[in-house]
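So that you can see what the record holds, here are the features copied from Swiss-Prot:
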REGION    1-78  region 'Disordered'
DOMAIN    120-174  domain 'AWS'
DOMAIN    176-293  domain 'SET'
BINDING   Tyr292  S-adenosyl-L-methionine binding site
DOMAIN    300-316  domain 'Post-SET'
REGION    346-365  region 'Disordered'
REGION    503-565  region 'Disordered'
COMPBIAS  508-519  compositional bias 'Basic and acidic residues'
DOMAIN    564-596  domain 'WW'
REGION    624-647  region 'Disordered'
REGION    741-921  region 'Disordered'
COMPBIAS  741-758  compositional bias 'Basic and acidic residues'
COMPBIAS  761-776  compositional bias 'Low complexity'
COILED    858-894  coiled coil
COMPBIAS  865-895  compositional bias 'Basic and acidic residues'
Amino acid sequence: MEDDEYTTSKMEEIKLEEGANDAQVKQETNTPMSITNGDHESSRSPTASQDGLKSRSESADTPSSNRPSKLSRKASQKLAASREPVLFDHLPDMTTESCKFFQRIPDCLYGSKHLGSTDNDALDCECRDEWHDGKNLACGEDSDCINRATKMECSAEGGNCAGGCQNQRFQRKQYANVSVIKTEKKGFGLRADSDLQPNDFVFEYIGEVINEPTFRRRMIQYDEEGIKHFYFMSLNKSEFVDATKKGNYGRFCNHSCNPNCYVDKWVVGDKLRMGIFTSRKIQSGEELVFNYNVDRYGADPQPCYCGEPNCVGFIGGKTQTERATKLPAATVEALGIDGGDGWDTSVAKKPRKKKPDEDDEEYVNSIRPRSLSEDDARKVMAALMQCKEKWIAVKLLDRIMQCDEERVIHCVMRMHAYQILKTTLNTFIDDHNVVLQVLDILDKFPRLTRNKVQDSKIEATIEGLTQSEHEDVASKSKHLLNEWSKLEVAYRIRRRKFDPNAPAANSFEERRGAGREEETVQSTSKTASPTPIDAPKGPRNSMPQRNNAFFQNGGRSRRPPFNASLPQGWFTAKDAAGNTYFYTKQGATTWQRPTQPATEPAAKAPSKAMKEQLAIQSIINQVTEKGTPKHTSVSTPKAAETPPKEVKEEKWRSLPVDKRMKIYENTLFPHIKHVLDKFHHKLPKEELKRFGKDIAKKLVASDFKNNRVEDPGAPLSDKQVKKIKQYVKDFLDRAVKKYGEHKRKADEDADTQMKDDQGPSAAGSGAGSVVDGSDGTALAKVDGTSMGEVDVTAVSDREGTGSLGSPDRKRKRDLDTSGSPYVTSTDGPNMKRLREDELEAPSPPPPPPPPPQSDMDEVVTAEQEALREQEEALMRENEEAQRLEDEASHTKGLEDVLDASNEISRLNKEARKPGSQKMPA
């Protein structure tokens, strides 16, 4: 830009039409700069700088030096599709450095309470909760969730999907794994640090939500401050998100003519929020870019450095804006005008050019939309819910009216049709044509039950229309209310809500209940996970354990890290929204991280009445045990059989834990021995015996620790036996393999030692002799087999276990176990869970319900207090800008009235002059 006058004139050319929903406004000042989202300078080439200063009349002819050769539309699409993605793995991570240019804030700051607000009530989806491994997988990407289809997040408080579902990405801040890089020409950009799937959530576009007067003032203010890059995004009509000084990493997403991301708006609670999503599968290392798709730079084009085959060579400019619409892609799809010829605003050459003096409404009216399909119905309802432009709402409603297919109409009704149409009525209540369109659609819907009408509360809105001055509106409103009054309410049995934190009565009930829960889950596009394995779960799964970081740790938490140790007596849990709270065994809960150990309540001394009751009970017990007469021979044999059976069933419950473990070990060992016998010719007998004992002890310890044993003497099921045998076989196969490798190595070491010694003693080394291995470890040779170090880690100390050789050799073997090359019972992924279970602390008690939400609001950190003060300052700025705007409008109105009055006075004076033939009216 050459001077401030050019900058001011260019700002005046910025269009603030509602159609520019996805506008991101950037303003360049004195120094010619590349169009980038970075907060730093990057020089243009000399040619680009000169060409960027061309006048408005020359702007249509973009310099060829900056512009690649033109390709046909089909050729450019083929090149873009076949081109391998460019990776930026070689660039350093500049995330920390990029934070120096702006203030990171966790959420948008609103200039007033009504900014960003929507008229939609919190709507409930029809999904059913799908609990797997403690996580609710309902409302996922592949589900048929109507909230997700209409771009609305489910409530954290829970509904049909039981809360905590997968359609809460904005609320949980489940951002993608990205980093900030510094490109050669475009400045800062965003790089994917892991593979991303289509429609993955990258970032919410966060900043200060301001009104239009504040937006205009800031454009001038930033220019005076010398700020090179502005970051404005149009959120709604006369509402903007300004991420210039405050925001998050989403502000660094650059422009591309062949984007891999798109910007979309979602309803989250009572606010409309903007997010960046992936449009295709993205490899790790790719830059994340989207198409700005709007005239933000006046009539003069700015060079585009995306480097794509279909690059038009510039961003903005007269040529591009004549041929492209500023409507977002989602609205274009909802209008049904992205048909066979395509709707590609990034390609300069189009089948049908937009006339220079033609606006978006005229352009859309000239294109015939395609017929409504089920997929289109979802897009139409999603766009209609957020629509504030009357002409767009009319086109969307007309698409619904023109549809006569019953299945499509049912799909429209399913997409919260009554609630969305109620919002449309309230938005355009003063326009009789729009109201009549909505009433005709409501009358067209099939009427089966009264449920949807009653739940949407649309009757109250229709009731007000019965008194309308417009006869058609009043009559149709009365007709609808009369028809709805004849419908009956269908009652449904509410589904039982599954509480993942509720403890089961016992481990067997927990497994069987989980299995039934999974069997009853019905999903149109998901496959239920297999039924959990019954006890004992020795081998469990061979796959390594991983935590689901995408769902739990996707966002950057403002709280301290919770993996640090808590004070004694405190435990953590998460509510349905994913917020972490803390609790004690006594049920005390708090949102604030505790710093002191939980105080144990002092044991209350028994009262006098309690002492007397205990004494009486003790006497009764003694009399019962000693004074009960034995059964005489008179008793019938049948009567004598029942009590011993009951005693037998209850006997094991009175035994100590070690006795129960021994009984359970005897139950497991026959199945373990069955596999051991098949390896008697592969491993020494004594070692096999020791392996069997240690494996049995390990399985017993694990099952008792995890409460998987109900009756230690009960026979095992076929499934349990199969799992145990498979685990023992896998373990012994690895033992045989390692045994053979070590035997071969020991033999080679022995031969080498014999050659070195050149003596008869070395040549005669055999059974029971000791040789030095290459690693300096003493190896016991038994019939040419080195088994001294074959050992397994037992759960507890063992005495009398079978071993080889003398006690000295046993002690040596115990000392060398850690360095033994042989497999142990803790080797391999199959035993990873068992080992982790032993090292874990005792399981915490089940968490109580979370504290009230009001308590969470009271926990205000210093950062939150600072953000609150900044938001209050932003509110004052918006109010001041609005006040000045209103005063300017009022002053202009007075000036117009004064000018009109002066003009009338002048005309009157002229009329009174001599010779005047006409008096002014």
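Placement of Cβ uses the backbone N, Cα and C atoms for every residue, glycine included.
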Across the domain 'SET' (176-293), what does the pLDDT come to on average, as a whole number? 90
What is the number of residues in the compositional bias 'Basic and acidic residues' (865-895) that are helix, strand and coil, as DSSP sees it? 31 helix, 0 strand, 0 coil
Would you count the other CB atoms within 10 A of the CB of the residue listed as 'S-adenosyl-L-methionine binding site', including those on all shown protein chains? 28
Per DSSP (helix/strand/coil reduction), Tyr292 (S-adenosyl-L-methionine binding site) sits in coil
Give the residue counts of the domain 'AWS' (120-174) per reduced DSSP state, in the order helix, strand, coil. 8 helix, 5 strand, 42 coil
Helix, strand and coil residues within the domain 'Post-SET' (300-316) as assigned by DSSP: 0 helix, 4 strand, 13 coil
The DSSP breakdown of the domain 'WW' (564-596) into helix, strand and coil residues is 0 helix, 12 strand, 21 coil
